[in-house]
Amino acid sequence: MSDPTAGGLENLLSEDRRFPPSAEFVAQANATADLYAWANADRPAFWAEQARELISWSTPFEQTLDWSQAPVARWFADGTLNAAYNAVDRHVEAGRGDRVALHFEGEAGDTRTITYADLQREVSKTANALASLGVGTGDRVAIYLPLIPEAVFTMLACARIGAPHSVVFGGFSAEALHSRILDAEAKVVVTADGGFRRGAPSALKPAVDEALDKGAPSVQHVLVVQRTQQEVSWTEGRDVWWSDVVDPASDQHTPVDVEAEHPLFILYTSGTTGKPKGIFHTTGGYLTQAAYTHLNVFDLKPETDVYWCTADIGWITGHTYVVYGPLVNGATQVIYEGTPDTPHRGRWWEIIAKYGVTILYTAPTAIRTCMKWGEEIPAQFDLSSLRVLGSVGEPINPEAWMWYRRVIGGDKAPIVDTWWQTETGAIMISPLPGVTETKPGSAQVPLPGVAADVVDDEAHSVPNGSGGYLVLTEPWPAMLRGIWGDQQRYKDTYWSRFQNLYFAGDGAKKDDDGDIWLLGRVDDVMNVSGHRLSTTEIESALVSHPWVAEAAVVGANDETTGQAVVAFVILRGDAGASQTPADEVQAELRNHVAKEIGPIAKPRQVLVVQELPKTRSGKIMRRLLRDVAEHRQVGDATTLADSSVMDLIAQGLSTPQSD
Ligand code: WT7
């Protein structure tokens, strides 16, 4: 584990800019400062109140929190409800059926406006179609779709039936999809012929075919949305077109009441070992915290706001802050299929002006990319509708924070830097707009109802001004209930580092005011463009190539993506690599990783070396490789088995490459 207190702290400590909320904002804010004291006085009672207030229950709960089987929590366990009913039907029943739920913007410029009444019909049809394909309560459905309305319909249709969904990001490879289908034993896979990416159709169905060709006995049907009209290959009996089963299905469907602890979804995320973890979330607690945080952190006014979270539904942000949080709150939101630079670099700002977006939630990497493109681009669009700006996925550096505030937020919209994880299910640490005086670069304070701390190696809370490890000290409603099929791994990963404390895997520090600053991962997990990648998983992908004998991967600082993947490989002497020019070897290996895992895992550089730095016990010293990758003086190498290795690496480095 690396030292979270090393380096970088001086810069953070010298940050003394402060942005108090404006009087106008305070006057209309949803959140008030007394929430903290109320929640602190009785945390479970506070959450029970939110659950009753924000969620519609079929059977009201009496029990709030059962922590007797820690670390597996049970929240509101004797209550029953349906997530899709909460996200859709109840708004229609309350006379809000005409409100727009989704403004869909396709990359090619096609649009679709979907009201809550439309959504109810679409989700019901999809639920009936899934049921006709054999999906029942408790069955798992894998979803491998672009960000199109059908993705939202399918997630909610699963929730309606009580069939946990497992969304797999459309950018992941056939291999990654295969392992996720197997682990969850999915009965049906929902996909599309393709989606639009950077101005061209990009295929999805072939990856599903390839994944299923590897063997997936649980899968009975593949439901295919026509999006791009690309040719697809077809397996009779297994594959069905969306237009053949969903379009003609009845638009009446009764949501299935499930217990509060019924699994709502599984979402895979990278850990420190090669095998991704199936994080699973249940229904009542998750929805409660999703709705509560969405309402208070973004100050949502459902009647007037137009909300836009730019995340894909393949990530937890898309689950909680595109699908469940906003829809449970009856919000109007934008969803956009494509990239920010298609067909031009002003596309996002054009969308904001077009729909009058008032709340924007995005990632630091996107903000830094826009900074690089230049502020004259957003300046061409009317962004004056924006009133709250959110950031998520990685620490936001103060320069990017200031740019976001000034250029996008017109120097007035409060910024909420929200820390959370796939595992936490919903936002945990964030300023509250209208309450918190914000500081560029800091996520600052645990939300009301959330208990977090920064501790040292011995689990002692560190004093203000010191660094350590971020932990969560009390159970929270949206917490993961485990790792699908592997509860031991759940305990080992999150609950063994410190007794009775949830270990998040992040380094953090408390400043003199006690505000929390996140410092990045302290384990072998990288964060590239706000996406979590495992060093071990990429190393496994590299050594699966016949040319590679050994590989070590590190995350190196990158101006735009936060971190970038840099791989060090030792080639096998006997393999084809020796006859191949160095730059072709590197290109081949970079593409191999993209193919095995997905383009987001493609190394920025592959460096061919003769040796890797190892301790006497054989552990690769990634810290030294990171020094090389970040062009620093190599640090203390005295624990190396062979101390000349670093000299060899430094001398023999090939030219860096990147595209
Ligand atoms: C990891 C979780 C939560 C949705 C997106 C990522 C990092 C996340 C912040 C933030 C500093 C952050 C942490 C965390 N992270 N938000 N505001 N400031 N770091 O979800 O893939 O589960 O990754 O992202 O390192 O552990 P994820």
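Placement of Cβ uses the backbone N, Cα and C atoms for every residue, glycine included.
TrEMBL annotates G393, E394, P395, D417, T418, W419, W420, Q421, T422, D506, R532 as ATP-binding residues; of R405, R406, R489, R521, the candidate listed for that same site is R521.
Mean pLDDT for the domain 'AMP-dependent synthetase/ligase' (94-484) in this predicted model: 97. Here the recorded positions are H545, K619; the one with the fewest Cβ atoms within 10 Å of its Cβ is K619. Comparing local CB density within 10 A for the binding-site residues V543, V548, the maximum falls on V548. Residues V543, H545, V548 make up the record's Mg(2+) site, and a Cβ search at 8 Å around their centroid adds A541, L542, S544, P546, W547, A549, A551, V569, L589, H592 from the same chain. Classification of V543 (Mg(2+) binding site) by DSSP places it within a helix. Recorded residues V543 (Mg(2+) binding site) and K619 (N6-acetyllysine) have their alpha carbons 17 Å apart, per Cα-Cα distance. K619 (N6-acetyllysine) and V548 (Mg(2+) binding site) are 18 Å apart (CA-CA, integer value).
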